[in-house]
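For reference, the structure is listed below as structure tokens.
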Amino acid sequence: MIYLNENISEIVIKVGSSSLSNENGIDEDKIRNIVEQVSTLKKVGKDIVIVSSGAIAAGMAELGYKKKPSLLIEKQACAAIGQGLLISTYNKHFNENNLKCAQILITGEDFANRRRYLNAYNTINQLLKFNIIPIINENDTTATLEIKFGDNDVLSAQVASLIEADLLIILSDVSGLLKNLNDPNSIIRVVEEVNLEIENLANGKAGKLGTGGMNSKIKAAKISLSAGIPMVIAPSYEKDVIIRVIDSIESNMFNIGTTFIPKGKKLSKRKRWINFSLKPKGEVIVDEGAQKALLSGKSLLAVGINEVKGVFIAGDLVRILNEKRENIGKGLVNYSSEEIKLIIGKKTEEIHLFNEKFGPEEIIHRDNMVIEKEF
Ligand SMILES: Nc1ncnc2c1ncn2[C@@H]1O[C@H](COP(=O)(O)OP(=O)(O)O)[C@@H](O)[C@H]1O
Ligand SMILES: N[C@@H](CCC(=O)OP(=O)(O)O)C(=O)O
């Protein structure tokens with residue numbers, strides 16, 4: 001049965017390396033199977049964006065690697081060799097189904113730059129209008145460790161959040177999130193909150209061909225849920241898995257994979273971008289009064305700041321910590337670390353007295369702040 005509910009019209013499908021390759025490189029049968037399911041969904045009017053791994057695995061096979069190389073530069077070379085092969089395989093099978101696909105390669109740096117982030121959004125949207133299936137991968141050849149998304153699970157959740165998709169499906173080589181890796185029956189069917197107990201289930205290792213492992217799928221779930229988007233980790237090897245996942249959500253049966261259901265408050269798109277696409281460049285330590293003000297939704301003023309750490313410029317993201325060094329949240333600063341040091345603990349009137357050029361009174365405006373409150 002094909003799901004026709006209009007509520008789920010935009011779907012991001014992440015395909016892990018093990019779901020499309022084997023020790024000999026790209027596994028055409030696996031790709032054909034995914035492409036055929038996507039084609040079925042396109043016929044009933046769904047918009048599909050694929051986030052596909054597999055470039056490194058494809059390149060490894062070409063170079064005769066038996067296991068994943070450890071050096072980043074070797075992986076980058078493998079990805080450069082494999083990415084073309086990967087896309088041409090998708091292209092061949094989509095063409096057989098009278099569909100076209102497009103390649104998009106992005107890095108974490110692209111998403112950290114708001115203009116490029118919005119450009120990515122516009123391009124994906126235009127492709128969808130053209131009825132073309134965007135196939136996104138991290139640009140492994142240019143992404144170094146500091147600017148990497150790290151894995152495609154997180155990238156797929158960022159993409160789902162960017163286009164405000166209705167559903168994110170992560171296809172992998174496991175039946176879902178397991179309590180015990182050796183017992184497929186220990187699957188958790190529904191997760192409503194990604195708490196420590198859930199985070200601790202991920203054992204930190206990826207499979208032979210994968211990169212992110214379960215850790216990164218849990219990180220992806222946090223991003224997806226903060227955007228109000230349900231996410232399902234599902235077994236790519238099950239017949240008609242994508243269509244069954246959609247059915248499982250539609251019927252509230254949750255009978256395939258692990259479904260993460262959004263329950264909490266949804267963050268605005270801008271706050272999601274601040275929270276998940278940018279890396280903090282420093283820290284501000286605030287006093288108790290400021291902590292209270294921030295938790296009740298106010299902006300951060302100089303008077304509540306005790307200390308500044310790191311070197312940053314206006315517009316950078318910084319962490320906000322309390323006096324016990326517990327995390328309160330993050331925000332974009334209106335001033336550099338050097339400027340803030342000059343006005344720490346001062347009231348706005350005092351600051352204006354000695355520097356009339358002083359701009360906005362907020363060091364971090366509440367619209368540019370995300371409260372995380374991990375204490
Ligand atoms: N609690 C868990 N439940 C299921 N899989 C887990 C868990 N903890 C770690 N894993 C590992 O995560 C792997 C899937 O991630 P990964 O190898 O990155 O695959 P993919 O290429 O599909 O992203 C599984 O094969 C499994 O070894
Ligand atoms: N960008 C890499 C994939 C990295 C990755 O996250 O892999 P996986 O854990 O298999 O989804 C590639 O194309 O090989």
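Using the three backbone atoms N, Cα and C, a Cβ is placed for every residue, glycine included.
Quick look at what TrEMBL annotates:
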BINDING   Lys14, Ser172, Asp173, Thr211, Gly212, Gly213, Met214, Asn215, Ser216, Lys217  ATP binding site
BINDING   Ser53, Asp140, Asn152  substrate binding site
DOMAIN    282-364  domain 'PUA'
Three-state composition of the domain 'PUA' (282-364), taking helix and strand from DSSP: 25 helix, 27 strand, 31 coil
Ser53 (substrate binding site) and Met214 (ATP binding site), distance between Cα atoms, whole Å: 15
Cα separation, Asn152 (substrate binding site) to Ser216 (ATP binding site) (Å, whole number): 8
Whole-number Å value for how far Asp140 (substrate binding site) lies from Gly212 (ATP binding site) (Cα to Cα): 14
Other same-chain residues whose Cβ falls within 8 Å of the Cβ centroid of Ser53, Asp140, Asn152, the recorded substrate site, in sequence order: Ser17, Ser52, Gly54, Ala55, Ile56, Ala79, Asn137, Glu138, Asp151, Leu155, Thr211
Local backbone state of Ser53 (substrate binding site), from DSSP in three classes: coil
Mean per-residue pLDDT computed across the domain 'PUA' (282-364): 93
Entries of Asp140, Asn152, Asp173, Met214, Ser216 (binding-site residues) sitting next to ligand 1, with Cβ under 6 Å as the cut-off: Asp173, Met214
Euclidean distance between Cα atoms of Lys14 (ATP binding site) and Asn152 (substrate binding site), Å: 7
Listed binding-site residues with Cβ under 6 Å from ligand 2, out of Lys14, Asp173, Met214, Ser216: none
All-chain count of other Cβ atoms within 10 Å of Asn152 (substrate binding site): 28
Residues satisfying Cβ distance under 8 Å from Ser53 (substrate binding site), sequence separation of at least 6: Lys14, Val15, Gly16, Ser17, Leu20, Asn137, Asp151, Asn152, Gly210, Thr211
